[in-house]
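Trainee: One structure, pasted below without further comment.
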Amino acid sequence: MKIERIRGGVSLRRTIESGTEEQRRAVLDIIANVRDRGDAALKEYTERFDGVKLDSLKVTEEEMKRAHAAMDAEMLEIIRQAAANIRDYHKRQKRESWWMTKEDGTILGQKVTPLDAVGLYVPGGTAAYPSSVLMNVIPAQVAGVKRIVITSPPNKDGTLPAGVLAAAYELGVTEIYKVGGAQAIAALAYGTETIRPVDKIFGPGNIYVALAKREVFGHVAIDMIAGPSEIVVLADETARPDEIAADLLSQAEHDVRASAILVTPSMKLALAVASEVERQLETLPRRDIAQAALENYGAIYVTETLEEAVDVVNELAPEHLEVMTAEPLALFGRLRHAGAMFFGRFSSEPVGDYFAGPNHVLPTNGTARFSSGLSVDEFVKKSSVIVYSETALKQHGDKIAAFARLEGLEAHARAIEVRLEKGE
């Protein structure tokens, strides 16, 4: 890994992939075709892009039961424990409707309502992610969403990854479709003969999925446009190089565009970590992916002081931040921008990916400066409630009418005055 002495001025805000003109046109064509031809278009795209001809798009209950039965019993118990932790954490995020009554009899409040239906896209490719099923489905269930739909591209044999199906079965999700890519997003947004539309779409995917989510946004809601995974480790001379290297590689192995950065005031630690990364790379199964990520988006930044290192971390605003210093929680108040913060050497990033309970769907590309990770809030909507009393309207009606006329809206003013029997 390259080592660089710095004094601020760094950024994770890489160029956001907007796709080529050809890719954008392809996505628009796919969406239009799915809207026009429904299931027939989905099956054609599945045969073309995934190499499998399907008679039915929907995963059967029997397929889910087989996948669940084939799962190792110990692994199933781990999934159950992780699910319990995730559910316990997210229950604390749930908001209830509330009311307040003022002295004049006015009642004001907020009604919190779960979304009716949500869709979760689970990507295929080089790895299967049952953890993504847990992290997206559980907060939806805690919020009270009644209909949860999963779509995922099928394997060449027409099946979905057993881990994904087993996790969904454990959570009681039964509406799952063998559809991937932009065509899946189109189906979730607009519906087909088999797939009823949803209100909001969640989950990461490739550039075609990202472009499709952008295109359907407004007709339905979306969670975010997820970028490649990121980790920043803030460490001092007390940290262990082998642990830091392992954590950097844990993100680098995700994707060739993943980012892994160490920020430290210790050149000795920087050199040791760089050496340890090379040593650990030798035996990593996904070595080629991790190495490409480190070459393109990996770095070790050396600052003059720990205080400067904290400033650099806040500028980076990473998806994942690990703090491995002599007194990690002493920095809690100064650290402002990160999707998730992991304090201390035993809080390795994969703890949050799989088991601790907080959500692993987090803002990337420096957007942790202004956005948050996935939560129960993403699965509800809030409506203002106003029950104005006659006393209150008589007391404030003239003010409301005056405000309306200030903006040139006479009908607004008259709507108030007719109730005060002052209409002209």
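Backbone N, Cα and C atoms are what each Cβ position is placed from, and that goes for glycine too.
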Trainee: Of the residues ASP116, ASP157, ASP353, only one is listed by Swiss-Prot in the substrate site with SER229, GLN251, HIS254, HIS320, GLU407, HIS412. Which is it?
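Mentor: Swiss-Prot names ASP353 for this substrate site.
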Trainee: According to DSSP, which kind of secondary structure is HIS320 (active site, proton acceptor) found in, if we only use helix, strand and coil?
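Mentor: HIS320 (active site, proton acceptor) sits in a strand per DSSP.
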Trainee: Measuring CB to CB from HIS254 (substrate binding site), give everything in the same chain under 8 Å that is also at least six residues away in sequence.
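Mentor: Listed in sequence order: PRO228, SER229, ILE289, ALA293.
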Trainee: Please determine which of the recorded positions listed here (GLU319, ASP353) has the lowest count of neighbouring CB atoms within 10 Å.
Mentor: ASP353
Trainee: By a 10 A CB contact count over all chains shown, which of the recorded positions listed here is most packed: HIS320, HIS412?
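Mentor: Result for the most crowded candidate: HIS320.
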